Protein chains: 2
Amino acid sequence: MGVIKKIFNKSRPSNEKDGIFFDEMKKLLGFKPIALSHYRRAFTHRSSNKTDAQGNPINYERLEFLGDAMLGSVIAAHLFTEAPTGDEGYLTKMRSKIVSREHLNELGRDLDLISWVESNVAPQHFGENIHGNLFEAFIGAIYLDRGFTYCEKFIHKKVIGPYVDIARLEGKVISYKSLLIEWCQKEKKKFHFEVYEDNGVEGQKYFGVRLKIDGNVIAKARATSKKKSEEKASQRAYFALQEKINIK
Amino acid sequence: MGVIKKIFNKSRPSNEKDGIFFDEMKKLLGFKPIALSHYRRAFTHRSSNKTDAQGNPINYERLEFLGDAMLGSVIAAHLFTEAPTGDEGYLTKMRSKIVSREHLNELGRDLDLISWVESNVAPQHFGENIHGNLFEAFIGAIYLDRGFTYCEKFIHKKVIGPYVDIARLEGKVISYKSLLIEWCQKEKKKFHFEVYEDNGVEGQKYFGVRLKIDGNVIAKARATSKKKSEEKASQRAYFALQEKINIK
């Protein structure tokens, strides 16, 4: 296994189809995938009716179970450290908020995981929860491919960094947009939200918004409404700025 | 941190109290502990009213949350591999059986974790669930001290190896004792259950049983009744023998 890992890890697969998939997974993951089959499975919908040599179905449903567990423990470890005053009940409640179906759907949608799905049904029949399910399955695939540490790395980068904010989850911060506007006024800075994407599809609306401060793009976000995109971009800007200055 | 780890890892603490605790934790863990404070916390009952410098309570309750999450993901990964034909629902059901309150209490009780507890209330006031709670907290302490891999190692050795048997969980095997008796008869071997411990305390009875096959001790077990001890010893013997021969 060690030897196989080394060979695969060295370079991208030579055949074109696998090579492209490798590149794209690497971009999505932020590190090199090793066994591509796990990621392919993570994008295989049950409608594709694939089976392995033993007749077991190949699709992402079992991976969801695994990914859900890994996500739960990475978030638990993060909350344990970040909320040192919270008791068991508090930690449990916070984790439920982070791994809520709604939140997982948002995460999966933002990564556009659905664009990878292999299926025999049209995307509009998938239902809203497919985004969250794919997200969980993808985490499961990372665990199988690279182990817990890489799972943790991915979750920190894609979930905890951009989305997990304890103050917000506790309901202490209602709107990042108002927090940001307040700060801009105090600092005499000009801000401007700019729509750069509007797919215009009724029922499946999608907006992309850029937040500029003094003419510089500070954050971007996509969501199902303009208001949501602006709030998300404000939150991202808030954290980006916080790293440089004390925004409060 | 790396340097601190190395120093602590090299040898047991020189002061006597820590040295003894180190030795006993090492025995319990099957590997060396590094930061003993995590294990001390895992055995600190809330009644001890301890607090840290910031006034946060020091007890094992938050560690239960962490340990529960780690246990859940290690068991999930194990089931994912060991039950390749089981779907998401099956995997979820199997995991619930393994991490049931009853089962966790059994695990904690078998490791006699309660003997380490520091508290200001008498042990009879703890309630039955303390065994499982201590077990979860102990797993949480392992994670903080040594990370996921050691957590996994410990859970495999203390939970999965001796207790997790998919056939039994599925209800396919009702009694290991009868399975073992059947095998002994077929193989013309003599078996004998020997009580080596009977604490005789009414209401808190405890039995220790040895299972001998052809005069050799194959397995031992302790439980709250003679019947349970025999069943547990039979299960252990079954797995011990299975490693050497095909018992079926």
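Along the chain as shown, residues are numbered 1 onward.
The backbone N, Cα and C atoms fix where each Cβ goes, and this holds for glycine too.
Per TrEMBL, the features are as follows:
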DOMAIN    B:22-147  domain 'RNase III'
BINDING   B:E64, B:N133, B:E136  Mg(2+) binding site
ACT_SITE  B:D68  active site
ACT_SITE  B:E136  active site
DOMAIN    B:175-243  domain 'DRBM'
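The DSSP breakdown of the domain 'RNase III' (B:22-147) into helical (H, G, I), extended (E, B) and coil residues amounts to 85 helix, 4 strand, 37 coil.
Residue counts of the domain 'DRBM' (B:175-243) by helix, strand and coil are 29 helix, 23 strand, 17 coil (DSSP-based). The Mg(2+) site is defined by B:E64, B:N133, B:E136, and by the 8 Å test on Cβ atoms against their centroid, the other residues of the chain that qualify are B:Y60, B:E61, B:L63, B:F65, B:G67, B:D68, B:L104, B:G132, B:L134, B:F135, B:A137, B:G140.
B:N133 (Mg(2+) binding site) has a Cβ environment of 25 other Cβ atoms inside 10 Å.
If you take every residue in the domain 'RNase III' (B:22-147) and average the pLDDT, you get 93. Around the Cβ of B:E136 (Mg(2+) binding site), a 10 Å sphere holds 25 further Cβ atoms from the protein chains shown. Proximity to chain A, defined as a C-beta distance under 8 Å, is registered for the following binding-site residues out of B:E64, B:N133, B:E136: B:E64.
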